[in-house]
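Have a look at the structure below before the remarks.
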Amino acid sequence: MTKVLFVCLGNVCRSAMANAIFRRLVKQAGVQNQYQIDSAGTSDEEQGHYPNPHVRKILSQHGYDWRYLHARKITPRDYKWADYIIGMDTQNVADLKINAPLGCRSKIHLCLNILPDHHGQEIPDPWYTHKFSYTYNVLVKVLPVWLRYFQKHSKN
């Protein structure tokens with residue numbers, strides 16, 4: 001079982017979108033029984049909230065269920081639970097590494113680092129940029145690459 005945790009600042013935009021998209025990817029690949037998927041934020045400001053209304057609209061337009069998604073802050077238990085912790089920007093990754101329990105830092109990755117020629121690049125926060133469709137399109141491009149990576153390097 002591969003456990004993947006997607007993380008952004010508030011868990012109402014990027015990581016929530018990634019959670020929904022990745023769930024569909026593993027289901028379409030017929031490997032949903034090999035994965036546990038969750039998302040969290042580095043902040044608790046949006047704790048308990050549904051995804052941002054723009055995120056809900058985009059996910060709904062593309063046929064994703066978002067009703068199970070509620071924002072929450074990452075916990076020490078999450079670090080231990082996850083095999084991979086995927087941060088959306090460099091500040092997320094820095095915050096994750098600062099708070100990571102001993103032995104968990106190697107689980108933390110910047111989302112776009114998996115793509116050739118994108119090392120160090122971020123997925124901008126649409127909360128501030130208002131580019132929700134752009135964020136969706138980037139995630140739809142990068143998450144299948146992560147799935148192939150997990151399948152290749154899986155403990156399953």
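Each Cβ is built from the backbone N, Cα and C atoms, and glycine gets one as well.
A TrEMBL annotation is a machine prediction, not a hand-curated record.
Pulled from TrEMBL, these are the features on record:
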type     : residues : note
DOMAIN   : 2-149    : domain 'Phosphotyrosine protein phosphatase I'
ACT_SITE : Cys8     : active site, nucleophile
ACT_SITE : Arg14    : active site
ACT_SITE : Asp125   : active site, proton donor
(message) Looking at the domain 'Phosphotyrosine protein phosphatase I' (2-149) alone, can you tell me the average pLDDT?
(response) 97
(request) Taking only the Cα atoms, work out how far Cys8 (active site, nucleophile) lies from Arg14 (active site), in Å, as a whole number. (result) 6
(request) Would you count the other CB atoms within 10 A of the CB of the residue listed as 'active site, nucleophile', including those on all shown protein chains? (result) 30
(request) Kindly report the helix/strand/coil residue split of the domain 'Phosphotyrosine protein phosphatase I' (2-149) according to DSSP, in that order. (result) 72 helix, 22 strand, 54 coil
(request) Indicate the candidate from Arg14, Asp125 with the smallest number of other Cβ atoms within 10 Å of its Cβ, considering only these active-site residues. (result) Asp125
(request) Can you grab the distance from Arg14 (active site) over to the residue listed as 'active site, proton donor'? Cα atoms, rounded to a whole Å. (result) 7
